[in-house]
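Features as listed in Swiss-Prot:
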CARBOHYD  2  N-linked glycosylation site
CARBOHYD  11  N-linked glycosylation site
CARBOHYD  17  N-linked glycosylation site
TRANSMEM  45-65  transmembrane segment
TOPO_DOM  66-76  topological domain 'Cytoplasmic'
TRANSMEM  77-97  transmembrane segment
DISULFID  113-198  disulfide bond
TRANSMEM  117-137  transmembrane segment
TOPO_DOM  138-154  topological domain 'Cytoplasmic'
TRANSMEM  155-175  transmembrane segment
TRANSMEM  212-232  transmembrane segment
TOPO_DOM  233-260  topological domain 'Cytoplasmic'
TRANSMEM  261-281  transmembrane segment
TRANSMEM  300-320  transmembrane segment
TOPO_DOM  321-383  topological domain 'Cytoplasmic'
LIPID     338  S-palmitoyl cysteine
């Protein structure tokens, strides 16, 4: 595309489409700015892999948890909610964003123009606040084990509140997202006839900046700070408890289990924060001064940041499910199209909020009074 066409479009002052915290830049570039075919092919493979892993991983996780009655505890209910929101992101966010960024015009119609960013914003809000509720449950189980503990009913209520909050905070995308051909109206080239762009058209730049800044705090910095505080307190408590047990007896298994829990807790939070940090920085910089980012580098930089953020949809099934032996065993049945067998006697009950393994019902029936006393004592120390 020549520089004259670029100037014509720039006169309309419509350079970008900020969609659910995911900026979309209308990069009307010259020929030197086009991404190489090899790069496009590589990005397409990467996006395809993330979509497949995100959809299959979260779908498997949801089916496995819902299929097993033994697994319907507070944390697993929240994990299903988290996986469902990640599933929506993988379906509604990845393919549409990738195609739109490469094509620089919207081809999916007016309904999807409004629905796509709305669903994306809802899904991301649900994901981060599901992590918040999981952190709250873990905090109560570890820091205050004899105090208030969330029940399944509390989990369902919390999920309902999360979705209401997510929908309410995402409504501006339904209201202000528009499908228009305004950037192409004065363009005479046939290639741009009947082409449309999808972008948010707020009342003013100040309104848009206020809203996007609110989302930045609501969807990233605020929840992450809260989660880090909860897990830091958990880490301190587990460390003290581990030191006390080392003084009382040599318990290498418990020490190893505590260490694994600490690594798991830290990995969950760090993975989410690291995945979303590049896109968060990109959107923040672009919102306040989009001219900082060179036009030719915009699409590629955005896609790399966006792809990194979307990897988080694949990480959650790994951390919450596939590192669990029960999930690994059930996953084999899932992909072999076999029925899940009932394991009332030998199913290994996992308190996902702590990754603590309880003994099976069979072993409880065969345990001696001394062993039962020890088991109950260990249950009081559940983390």
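A Cβ is built for glycine as well, from the same backbone N, Cα and C atoms used for every other residue.
Spatially, the transmembrane segment (45-65) is adjacent to the transmembrane segment (300-320); three or more Cβ-Cβ distances between them are under 8 Å for residues at least 6 apart in sequence. Within its own chain, the transmembrane segment (155-175) has Cβ neighbours under 8 Å at 19-20, 74, 77-78, 81, 114-115, 117-118, 121-123, 125-126, 129-130, 133, 137, 200, 202, 211, 214-215, 218, counting only residues six or more beyond its boundaries.
The number of other CB atoms found within 10 A of the CB of residue 198 (disulfide bond), across every protein chain shown, is 24. DSSP classifies residue 198 (disulfide bond) as strand under the three-state reduction. Helix, strand and coil residue tallies for the topological domain 'Cytoplasmic' (138-154), in that order: 9 helix, 0 strand, 8 coil [DSSP].
When secondary structure is read from DSSP and collapsed to three states, residue 113 (disulfide bond) falls in the helix class.
Across the topological domain 'Cytoplasmic' (66-76), DSSP helix (H, G, I), strand (E, B) and coil residues number 8 helix, 0 strand, 3 coil.
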